[in-house]
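Q: From TrEMBL, here are the annotated features:
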DOMAIN    A:2-116  domain 'Response regulatory'
MOD_RES   A:ASP51  4-aspartylphosphate
DNA_BIND  A:124-223  DNA-binding region
DOMAIN    A:124-223  domain 'OmpR/PhoB-type'
DOMAIN    A:253-352  domain 'HPt'
MOD_RES   A:HIS292  phosphohistidine
DOMAIN    A:361-475  domain 'Response regulatory'
MOD_RES   A:ASP410  4-aspartylphosphate
DOMAIN    A:483-599  domain 'Response regulatory'
MOD_RES   A:ASP532  4-aspartylphosphate
DOMAIN    A:639-772  domain 'GGDEF'
Amino acid sequence: MRILVVEDDEFIANALDLVLSEQNYAVEIAADGESGWELVQAYEYDLILLDVMLPKLDGIELCRRVRSQGYKMPILLLTGRDSSHDKAIGLDAGADDYLVKPFDQEELFARVRALLRRGNTSVSPVLEWGELRLDPSSCEVTYSGRSLQLTPKEYALLELFLRNNRRVFSCSAILDRVWSFDKTPGEEAVRTQIKGLRQKLKAVGAPADLIETVYGIGYRLKLPSVNKLTLPSSEEPSEQTRQQTLTALAGVWERFQGRVNEQVTLLEQATTQILPAQLTVEQRHHAEQAAHTLAGSLGTFGFAAGSQLARKIERSLRAKKSMSQTETKHLRELVAALRRSIELTPPELTTPVTVKQELPQLLIFNSDRHLAEPLIAEAGVWGIQAEIATQLETARKAIALSPPQVVLLDLDGNTADSLALLVELKHRYPSLPVLVHSNQDNLMTRLEVARCGGHAFLPKPVPPAKVLQAVTQLLPKEATAAKVMVVDDDPQILATLRSLLEPWGLRTICIEDPRRFWETLEASAPDLLILDINMPHLSGLELCQIVRQDSHWCGLPILFLTAYSDANTVNQVFAVGADDFVSKPIVGPELVNRIMNRLDRIELLRNLAEIDSLTGVANRHKSTQDLERLLNLAKRHHQPFCLAVLDIDRFKLVNDTCGHAVGDTVLRQLGQWLLHSLRREDIVARWGGEEFVCGLYGMTSQDGVQRLTDISIGWQQQQSTHPQCNIPITFSVGIVHYPQHGADLESLYRAADKALYRAKKNGRGRVVAFKETGSSDQLSVASD
Amino acid sequence: MTAKRILVVDNEPYIQEVAQICLEMVAGWQVSTASSGSECLIKAAAEQPDAILLDVMMPEMDGLTTYKELQANQATKHIPVIFLTAKVQPADRRRYAQLGMKDAIAKPFDPLQLASQVATTLGWN
């Protein structure tokens, strides 16, 4: 990964170079904005670290320039100023994140990693898998440099696999994604295409099973053989490699456990049966050697504590030929602790590391461990991994090591420590939500918490479920993994389902008690529901009826899991509105297949209903909802909200002269250009014909004019280099903002439309903000 | 690029095996092993590996002696050596550096990071 650091302070630049290089990033330094810009144009960078105050061209300007030229690498601003205004200017200029100087190294690394992760998914111009390479911009596919000639279907199939390289696709899922609706053939067609693709891959030297058949489920890409990969050290081993390695290590542990036991026994003999003072030189040497080996190896197997104990034992054996009674006793205790530590199952090697890491993390800070334990248990139910810290120092370490998604702070134990932690978190991890839990429910405490930067306050007493509900609401929303909620009174079934579904990237929310159904449903908003039929208090059939009655949830797919498969039960299940029915015992692939198909179908329908198929931006229906939502948010938080209406100039002429196909391409390009140029949270939609609408939260029309002017300039520059047809294509923009120009979407739209007509009338290709100038706004429409 | 070949030297068979797994599975390198300093000298000369991972504390011939022997032999002089040691004190590091050693990797190592630690130390990126 290549990082460009634009920083004029030599000391900071060198420090960044040093610490980032240690993390195996390739770092280049530019000392002013202009030379930064030259480097951006000359080389490819995965990330830019940008100082704001720079000679020649300041960071904000550079940021705008980078974005206006269509560069999409993530930008992290380093700023000495921490006012919200400064941050907003930076983010609006196109930065993805900012860090206030002086910053913490840990945090810098974490943010850099986060941005690079994000960058990979959105940018990744070329898709690669081992030796296989697909370049979507030129539609070229190669294997170890040898080119493949693919049919459009084969190409689409390969692209689908490469873009979702961890997923298995069933035949029907492939049909849905690769074939168009009106022409869906049978599953046989998929098999024929896969066969053709495999033959072509084989012909250029790829393994025949590069596209692997997963029995009973479908197809996926096979992991490239590890021997062919020379791993760049900056990359983490892939998940599969991790798993394979850890499994192999668990095997070594099993085979050599006897040997490790012997070594511990040797230590036991040396320290318990014989007094250390009476050991012969040889015995002492053997004991030292054993302790040394254990110190060096146990940690690798996942027994970090064991390694530390062994090291202490080694040290005290070496240091002291004669020991006092207390020292001898201490040594024996160490050996006993070592024995206990290796009798536990190695944590790292047996639990599926993948699943643990993908779960959202919650850190509970409470000086009383007992009080926090019910919360830990409850968190498991909600698909959250919770950890307790009872000391300020442990909490700090835990957060630095792996920042959680949410922190739950108990105020009632050591209030001073809790507040200190709160202040520290606010300063060092401003975006990390902190939920404060306290029985001091009074105004002063609430005020204190608010001043220290708490995100939410929860007065006690509250049942653990409510606490977790509050935590769930604070979780970052972008978690895209589909969520499956399972209700079954048998914990064994819940555990099985979780272990079955989570490796597929499905977040699984499990509840045992159906009486807690509704609150969990609302809080977790699952994409699919799995119900057992027979449960105490409430049956699955009843739950299903309740869901189907509710106007919001009635569309939720429901799958029944039951031990009965008689006709009567099956009838009943479908009569109450189930979508699918699976009988126990659970057959893993079948269940996964059914769930994945169901989820694919929902996603597809959702896209169909919400995305404009020509341009890939939101359609009018969907964007209206989103715009209303942002408008409400703006009302509630007294923020401005900018609405822009865009129209391609002389679009009819484009269609007439160059043909409708070119016209469609222009529409698609503009849709994508807007999507890429605006912020992630902005709304881009096509409202029909050549008209686009954009919603920019937190911006006034002045900001909007600036923004859209940049975008328009960028578009024109891009157009001149890639001529689609000989007519220069420009667009006009009308801009308004809430609350000044209207209180609801409709009046805002009308005002923006007026501004748009003025832009057209004044010569097109320009961005015009709405001005109340009496009758002149009523002027007739420029004829386009 | 052909896979790197590494010689792992440790008197403890399970550490040999663990290191082997970590380097083979994670980085796809070829690993051979030796259980003592004298075995290391023979294998290093015969196999000409791209690097040697050498345990410091071994009975009979310890790591430092083995290293000196490797350096004394024209056939093995050029092979980079990384110490694998449970003791890495700053003083040790200085001593290793004076001897011309590449670096030392502390035991216990993180199984998933060992390969990248080796690659970084040797500048194989």
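Cβ coordinates come from backbone N, Cα and C, glycine included.
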Q: Counting across all protein chains present, how many other Cβ atoms fall within 10 Å of the Cβ of A:HIS292 (phosphohistidine)?
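A: Excluding its own Cβ, the number within 10 Å is 26.
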Q: Measure from each Cβ of the modified residues A:ASP51, A:HIS292, A:ASP410, A:ASP532 to the Cβ atoms of chain B, and list in sequence order the residues where some distance is under 8 Å, or 'none'.
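A: The modified residues close to chain B are A:HIS292.
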Q: Would you identify which of the modified residues A:ASP51, A:ASP532 has the most other C-beta atoms lying within 10 angstroms of its C-beta?
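A: Result for the most crowded candidate: A:ASP51.
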Q: Given pairs 6 or more apart, does the domain 'Response regulatory' (A:483-599) have at least three Cβ pairs under 8 Å with the domain 'Response regulatory' (A:2-116)?
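A: Touching, no - the domain 'Response regulatory' (A:483-599) and the domain 'Response regulatory' (A:2-116) miss the threshold of 3 or more Cβ pairs under 8 Å.
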Q: Tell me which of the modified residues A:HIS292, A:ASP410, A:ASP532 ends up closest to A:ASP51 (4-aspartylphosphate) in space, Cα to Cα.
A: A:ASP410
Q: Do me a favour and check the Cα-Cα span between A:ASP532 (4-aspartylphosphate) and A:HIS292 (phosphohistidine); whole Å is fine.
A: 54
Q: Going by DSSP, is A:HIS292 (phosphohistidine) part of a helix, a strand, or coil?
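A: It is helical.
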Q: Name, in the order they occur in the sequence, the residues of the same chain whose CB lies under 8 A from the CB of A:ASP410 (4-aspartylphosphate) and which sit 6 or more residues away.
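A: In sequence order, A:ILE364, A:PHE365, A:ASN366, A:SER367, A:ASP368, A:LEU371, A:ALA372, A:SER418, A:HIS437, A:SER438 meet the Cβ cut-off.
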Q: Could you tell me which three-state DSSP class A:ASP532 (4-aspartylphosphate) falls into?
A: strand
Q: Quick one: mean pLDDT on the domain 'Response regulatory' (A:483-599)?
A: 83
